[in-house]
Amino acid sequence: MGSAVLLVKILDLIGTFVFAISGAALGVERDMDLFGVLVLAFVTAVAGGLARDELIGAIPPESIASWHNLALAVAAGLLVFRFSRLFYRLQHPVQFFDAAGLGVFAVAGTQKALDYGINWPMAAVLGMISGIGGGMVRDILTAQVPTVLRADIYAVAALAGALVVVVGSSAGLQPIFCALVGIALCVFLRLMALYRGWKLPVASSHPPGSS
Amino acid sequence: MGSAVLLVKILDLIGTFVFAISGAALGVERDMDLFGVLVLAFVTAVAGGLARDELIGAIPPESIASWHNLALAVAAGLLVFRFSRLFYRLQHPVQFFDAAGLGVFAVAGTQKALDYGINWPMAAVLGMISGIGGGMVRDILTAQVPTVLRADIYAVAALAGALVVVVGSSAGLQPIFCALVGIALCVFLRLMALYRGWKLPVASSHPPGSS
Amino acid sequence: MGSAVLLVKILDLIGTFVFAISGAALGVERDMDLFGVLVLAFVTAVAGGLARDELIGAIPPESIASWHNLALAVAAGLLVFRFSRLFYRLQHPVQFFDAAGLGVFAVAGTQKALDYGINWPMAAVLGMISGIGGGMVRDILTAQVPTVLRADIYAVAALAGALVVVVGSSAGLQPIFCALVGIALCVFLRLMALYRGWKLPVASSHPPGSS
């Protein structure tokens, strides 16, 4: 239990950093000023975890009660802002860091929800929300339809990672082992979606030519 | 009191189902994949109630503490996804289910807020929020200006239903009776707005030709 | 302490009124109906404070537990709706009231977070969130990229005002004095940004011609 809590904390800080990079990179792409970039980095980094903490009753949420997440997000934001040409040259910087953060947050969020006594189906959903929340808010703030709702595997990758944790926990496996498998599965599914075009089915409700 | 709680629960499940259908139908219209459709169904179904529960301090919210709302929303989403051509052929599927969910959630939300000791003007507002919250989040997630803020009677229909509950409760009437009248009034106002063009006044601030 | 609480309450009501005017004015500009204008006035007025209260654990939030904020927001909304031509003739009505509300909420939000025992860096961030939250939600609801994230000094003005309160509080200065200085600094920075074009640096990540 103690080690699960420590694991959640470490994963949370890693996820915070990579999501902050993802948010900051989008902010730079959209020509936001330094402060807008930092705000977007922070919000992207903590929104998913904040939503989870408010929903499970862990109030004030960890990212408010301590200043660690803020410091990490600001550091990541400054880094991206300063070396923006470098990040821009990487082909899909936003997408890559987004995939990594997705997996880490989904796994950490599921573990924390289980620690708070949430039943397993909702623990998996809360893990998914932890993972997709930051990206959703980031996309809403930049007035796009959130990635999660467009035709790529995204939320489903987060949910797959979350389910690994739920199943592993009920099977009594080591939390650290389940966490790593869950993250790997999530990142793998997301990258397959991005680079191999893996998709879920889409219902065809439209007569041809309509939009 | 016990019967009021049971009433809230039953209305909540009905509202969850119809709002999930409304969310899923919009997801299908926007060519979202299966998972996006399910996420939109769930979010549309629970966002209003989640907001209400967080605001009145019912934490963790009922739609997180139990898996019933999730199961219902997923079932509704699968139904719409599978029979999307059928739902598409109905002229205004999103709008109709939206009106029904609006009334049910407005009434159930008001009753729950009163049960938590909220004063009556805010109980009515919380009922309205329960009703309009899901649709607002659904519209934000698909990058539209929420229906509630455009020139049709929408939030006002929810508020009218909520006020029936508030007035009925202070007059000591049967909760089930007030609930049915409130729902009927809300749906009636919303359908009149949709099909008869009932409107509230709009201020004219523009010189002609501006936007 | 007692006087700090009273100060927060008074500032909160003032901020509620001016932010409600800002929200209502945007609603009128967008041709919303009367109810949409009132909803936008209320949401703009209370969203920042609601977010702060949920995050620091002041649940139910003050704007839900009492009906004062609702009454003030509705009054402001009706005023703007009735005299919309007057408000339209003022050159930047939304922007001016927005700047005033920003400063007042940033200062009051920081003070309240400190009163709840939040550490000082996060208290300043919570003050900033109190200030920028209402405007962000207002902009999201009208499907714009929030002002806070575009290339003007906005959030940074709120943060500057919040930091005055944090520094003044740790230096043992009078809360009322710090509040006034903080508000003045915030409004000054915001107006300089609007009328003198003060800006923060923007990273240049783009090859010419891309968007």
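The backbone N, Cα and C atoms fix where each Cβ goes, glycine too.
Annotated transmembrane segment per TrEMBL: B:6-27 (among others), in sequence order.
The domain 'Glycine transporter' annotation in TrEMBL covers B:10-83 (among others).
Sequence annotations record features per position, and here TrEMBL assigns transmembrane segment to B:34-52 (among others).
Sequence-distant contacts of the transmembrane segment (B:64-84) (same chain, at least 6 residues past either end, Cβ-Cβ under 8 Å): 12-13, 16-18, 20-21, 23-25, 27-28, 34, 37-38, 40-42, 45-46, 49-50. Taken from TrEMBL, the feature transmembrane segment covers B:64-84 (among others).
Annotation source TrEMBL lists domain 'Glycine transporter' at B:96-167 (among others).
Long-range contacts of the transmembrane segment (B:120-137) within the same chain, counting only residues at least 6 positions beyond its ends with a Cβ under 8 Å from a Cβ of the stretch, are 19, 22-23, 43-52, 55-56, 98, 101-103, 105-114, 146-148, 154-155, 158-159, 161-163, 165-166, 169-170, 186. The transmembrane segment feature in TrEMBL is assigned to B:120-137 (among others).
Marked as transmembrane segment by TrEMBL: B:149-167 (among others).
The transmembrane segment annotation in TrEMBL covers B:173-195 (among others). Within the chain, the transmembrane segment (B:173-195) has long-range Cβ neighbours (under 8 A, six or more residues past its boundaries) at 3-4, 7, 11, 92, 95, 98-100, 102-104, 106-108, 110-111, 131, 152-154, 156-158, 160-165, 167.
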Arithmetic mean of per-residue pLDDT over the domain 'Glycine transporter' (B:96-167): 87
What DSSP reports for the domain 'Glycine transporter' (B:10-83) is 62 helix, 1 strand, 11 coil
